[in-house]
Amino acid sequence: MSAENGSPGLPNGGVCCATDSGRCSLVGNKVTVVLGAQWGDEGKGKVVDLLAQDADIVCRCQGGNNAGHTVVVDSVEYDFHLLPSGIINQNAIAFIGNGVVIHLPGLFEEAEKNLKKGQGLVGWEKRLCISDRAHIVFDFHQAADGIQEQQRQEQAGKNLGTTKKGIGPVYSSKAARSGLRMCDLVSDFSEFSQRFKLLAKQYKSMYPSLEIDIDGELKKLQDYADRVKPMVKDGVYYLYEALHGPPKNILVEGANAALLDIDFGTYPFVTSSNCTVGGVCTGLGIPPQSVGDVYGVVKAYTTRVGIGAFPTEQNNDTGEMLQTRGHEYGVTTGRKRRCGWLDLVLLRYAHMINGFTALALAKLDILDVLSEIKVGVSYKIDGKKIPHFPANQEVLNRVEVEYETLPGWNTDTCNVRTFEELPENAKKYVRYIELELGIPIKWIGVGKSRESMIQLF
């Protein structure tokens, strides 16, 4: 059979192309990935919402309900933490991958809260698919998270600033091979119960002050097992068939961001998963050649929640203005976000790891009132330029930032809908970022709504 007509033995008649090595490689659909390029809260939800309108499947690949995405549709503001925000597309399947950690009470509570807000989540249970290999966050993981933070505060005088959602402890259980997965929950419940009791006992011995109502938790988990069972699927096979079947738009919604990545972020002030592009493959069970466009989402300035190094932070009137105008409060914790100038050193580093094919520049309108705008272009230590983004936090805390000053535009851009309509200096700011990073900017955000995303190409 010719390649044009499909090859025997391949799913759905997938096409087999000979490679230079003579081996056969499958050609199928590719996933489009949206990732945060800074410390989170860049506006990924809005980019995902834009792309999700045409998507057949929208996936989450890592993290848990520590993430926070806000999406505004028909003047209704939906808040997502664990559910892929693409679930508001009635024609798409929302897929939670094996790299995600799931707190079941949080999942159902989030869905119910959003159901009360508008029509977006009607029928969500039929549109949600969960990998059977995803790990489960228990209430005692969350309680342990709080105790760990308290211990850090008492012992070191500072904590990590976690969301206390149990993310670190559950990923620790996963790495220690003592965690429980969705496949365990929906299979033999008596076997699940035994393993749950053993894990709870381990946590109780590590944290004697921890109170665990084992029987009460198991009863709740049995109820959740019945509700969630129809949603649980073998995620590897599900996505393999989607990738190698008829044409489909598959979107991956990254949570957290590059500088919060467990390996490449500002460790230890990071999250507990890989939120760079490698986490897409390991968190969904797909090969690298199935990854297509990788869109990085960048705020027109920089923000960070919690403690940790932040070279371009502005502890002054500028920082306060950005915080106030940008309504910079965490969706998950309600904490004030720290604010500062755009940092190109940080973005170049994020690009090295992720290979962004294009960027979305969010919240440009927040800069509308400034007469001049600074951009961090390089770092110095002891008066000498350093060519890289430092791994060591003590070093990163000591860097001096060299800034380029660009003229502001002092014009309201909230109602602008095309690039040509932007003030001249706003256009220059956008083009300057593109030129310095060597990455095209595909979207510019000038407001909260879906309509306020200007598409350039």
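Glycine too: its Cβ is placed from the backbone N, Cα and C atoms.
Going by what Swiss-Prot states, the IMP site holds Asp41, Glu42, Gly43, Lys44, Asn66, Ala67, Gly68, His69, Thr163, Arg177, Asn256, Arg335, and the candidate of Thr271, Thr318, Thr324 recorded there is Thr271. Cβ neighbour count within 10 Å across all protein chains ranks Lys46 highest among the recorded positions Lys46, His69, Arg335, Lys336, Arg337. The least crowded of the binding-site residues Thr163, Asn256, Thr333, judged by other CB atoms within 10 A of its own CB, is Thr333.
The two recorded residues Val446 (GTP binding site) and Asp41 (active site, proton acceptor) have their Cα atoms spaced 15 Å from each other.
Here the binding-site residues are Gly40, Gly43, Gly68, Gly334; the one with the fewest Cβ atoms within 10 Å of its Cβ is Gly334. Rounded to the nearest whole angstrom, the C-alpha distance between Thr333 (substrate binding site) and Asp41 (active site, proton acceptor) is 12. For the pair formed by Val331 (substrate binding site) and Gly68 (IMP binding site), distance between Cα atoms is given as 5 Å, rounded to the nearest Å.
Taking the C-alpha positions, the distance from Arg337 (substrate binding site) to Gly68 (IMP binding site) comes to 13 Å. Take Asp41, Glu42, Gly43, Lys44, Asn66, Ala67, Gly68, His69, Thr163, Arg177, Asn256, Thr271, Arg335, the residues named in the record as contacts for IMP: the widest Cα to Cα gap among them comes to 34 Å.
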